[in-house]
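J.: Below you'll find the structure I mean.
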Amino acid sequence: MSELKSVPVVDVTKDNIAEVWPSLVLAVKTSLYVAIDLELSGIGNRKEINAKSVEDRYTAMAHVANTRAIISMGLSCFRQDARSTETGPLMFTVQTFNILVLCQDNYMVEPSSLQFLISHGFDFNRQYALGVPYRRGHDRPNQSEDKPYSLRKLFSLLVVHRKPVVLHNGFMDAVFLYHSFYLALPPSLQTFLADLNELFPNRVYDTKFIAEAKASLPASYLEYVFRNRQRDNARKEAQGRQFISVQFLQYNQEYSIDHGNCALREEPAKIAPDICKNFARYGWCGKGDKCCASHNVDDILDAQASKRRRRKRVKMSSTNGDCANTSDSEHSMRDLSVADEGDDDDDEAVDDGDSPEGVSNKERRKFTTGLHRAGFDAFMTGYAFATFVLSYSKHRPSGNLDAEQLGLDEIANRLCLSGKTAPLLIRTSNFAKHSPKHIEKFKALFGNK
C-alpha cells in the first residue's frame with residue numbers, strides 16, 4: 001500500500017487558474033496540513049542572509065523579498081483519509097499543485113539563479129506569458145488580484161481555515177510568503193514572528209529542523225530527507241509496523257498534469273559506485289555535472305546502509321574480543337567516500353561558505369534529479385512531514401493537527417537557522433506588538449470578530 005511510484009502535479013497558470021480554482025480551494029479546505037515550496041529569482045547576498053545576528057538576517061531577507069520575486073509556488077495538500085484507523089496505516093489523499101507566478105512589480109533575477117533554472121528546464125518565456133500575476137506588499141485598491149481567484153486570496157484561505165503550514169528550511173520562504181501575498185514586511189523580526197504566530201495558530205513546521213534536531217538524519221537537504229523517509233516507510237510496511245500510505249486523485253483530461261517519478265529501486269547497484277562525499281552530506285557539489293562521483297541519493301543511501309551493516313559486524317566481532325580487527329575496520333570505514341552520520345553543524349558550516357555566490361539552498365539540493373518543480377518539492381516536504389507525524393505524535397491525528405494534544409510542540413513553530421544550533425521560534429514575545437496593518441487586515445479576514 002505504501003509503494004510510491006509517481007506523483008501527479010497539477011500545472012496552474014493564468015490561463016487555467018479559473019478552472020483549477022474550485023479544486024484548489026477544496027484541497028486546501030479539507031487538508032490536514034499544506035506543504036509549500038517556492039522557486040525564487042534570487043536570494044541576495046549570502047553573507048547577509050546568514051549573518052551572525054538573526055535580526056540582521058531578517059533585515060537582509062526583507063530586502064531580498066522586496067527586490068526579488070517568487071517565480072513558481074508549489075502546494076501539496078495532505079487530507080487524512082477517513083479509512084485510517086489507530087492501528088492500521090496512516091492514510092492520506094494528496095493533491096499537489098505547481099503554480100507558475102509572475103510578479104507585476106520590478107524585480108531582479110540573479111545570474112546564478114537564471115543559469116541554474118534554465119539548465120534544469122525552467123522556461124522563463126512561459127513564465128512571462130502564463131504566470132499568475134501578483135504584487136508585493138500591502139493590499140492595493142482596484143489591483144488585478146481583486147478577482148475571485150488570486151494568490152493573495154489563496155494565502156488568505158490558509159489563514160482563515162487555520163491550516164498548519166509545512167516548509168523545508170523555511171525562514172526565507174516564510175518571509176517571501178508574507179511580503180508577496182499578505183502585507184509589506186514589518187521592520188522588526190519580533191513583530192514579524194508575532195504576526196506569523198497569529199496567522200498560523202495551528203503552527204508552522206520546518207522539515208529541515210525536524211530532520212536535524214529530532215530525527216538526527218545524516219543529512220538534511222530535501223531530496224535526502226524525502227528518500228530516507230520513503231525507504232524507512234517501506235521497511236516499516238514490510239515488517240508489519242505502522243506506516244504512511246498516500247493515494248492521489250484521478251484527474252480529468254482538461255487538467256495539465258506532470259508526473260514526478262519517485263519509485264524506489266528494487267535492489268542496490270551490483271557494482272557500488274564512488275560516492276561524492278560533499279554531495280552526500282550537503283546536497284551540493286562545486287564540480288556540478290563534471291564530478292565523476294555519484295550524486296544519486298539512492299547510491300548514497302545504499303552506501304550508508306552498507307556501512308551500517310559493516311559497523312554492526314564489527315561491533316559483533318568486538319564483543320568476541322577481536323579488538324585489533326575492530327580498530328582496523330573502523331579506520332577503513334572512516335575512509336569510505338560517503339558522509340559519516342550526524343555532525344549537522346558541519347553541514348551548515350559548508351552551507352555558509354563553500355557554495356557559489358548567490359546559489360540558494362533550494363538550488364543546491366536539486367543538482368541530481370531534474371525535479372526542480374516547486375510542486376514536487378512541496379510534495380516531498382509534505383510526505384516527509386507525514387512520516388514524522390507518525391513517528392513522533394502521541395496518537396493519530398483526528399480531524400486536525402493539534403500540536404499540543406499530539407505532543408508535537410517540540411518540533412512546531414521552529415525554523416531552521418543555518419549555522420546555528422538553536423532554531424528560530426515563531427512566537428509572540430512579551431516585548432513585541434503586532435504590526436498595525438496586520439491587526440487591521442486580520443480582523444477584516446475574520447469579519448472583524
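A Cβ is built for glycine as well, from the same backbone N, Cα and C atoms used for every other residue.
Remember, TrEMBL labels are computer predictions, not curated facts.
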J.: Select from 38-66, 241-269, 270-298 the stretch of residues annotated by TrEMBL as zinc finger.
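T.: So the range that TrEMBL calls zinc finger is 270-298.
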J.: Find the average pLDDT over the domain 'C3H1-type' (270-298) in the predicted model and report it.
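T.: Across the residues of the domain 'C3H1-type' (270-298) the model's pLDDT averages 86 on the 0 to 100 scale.
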J.: Provide the three-state DSSP residue tally for the domain 'C3H1-type' (270-298): helix first, then strand, then coil.
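T.: Final tally across the stretch: 11 helix, 2 strand, 16 coil.
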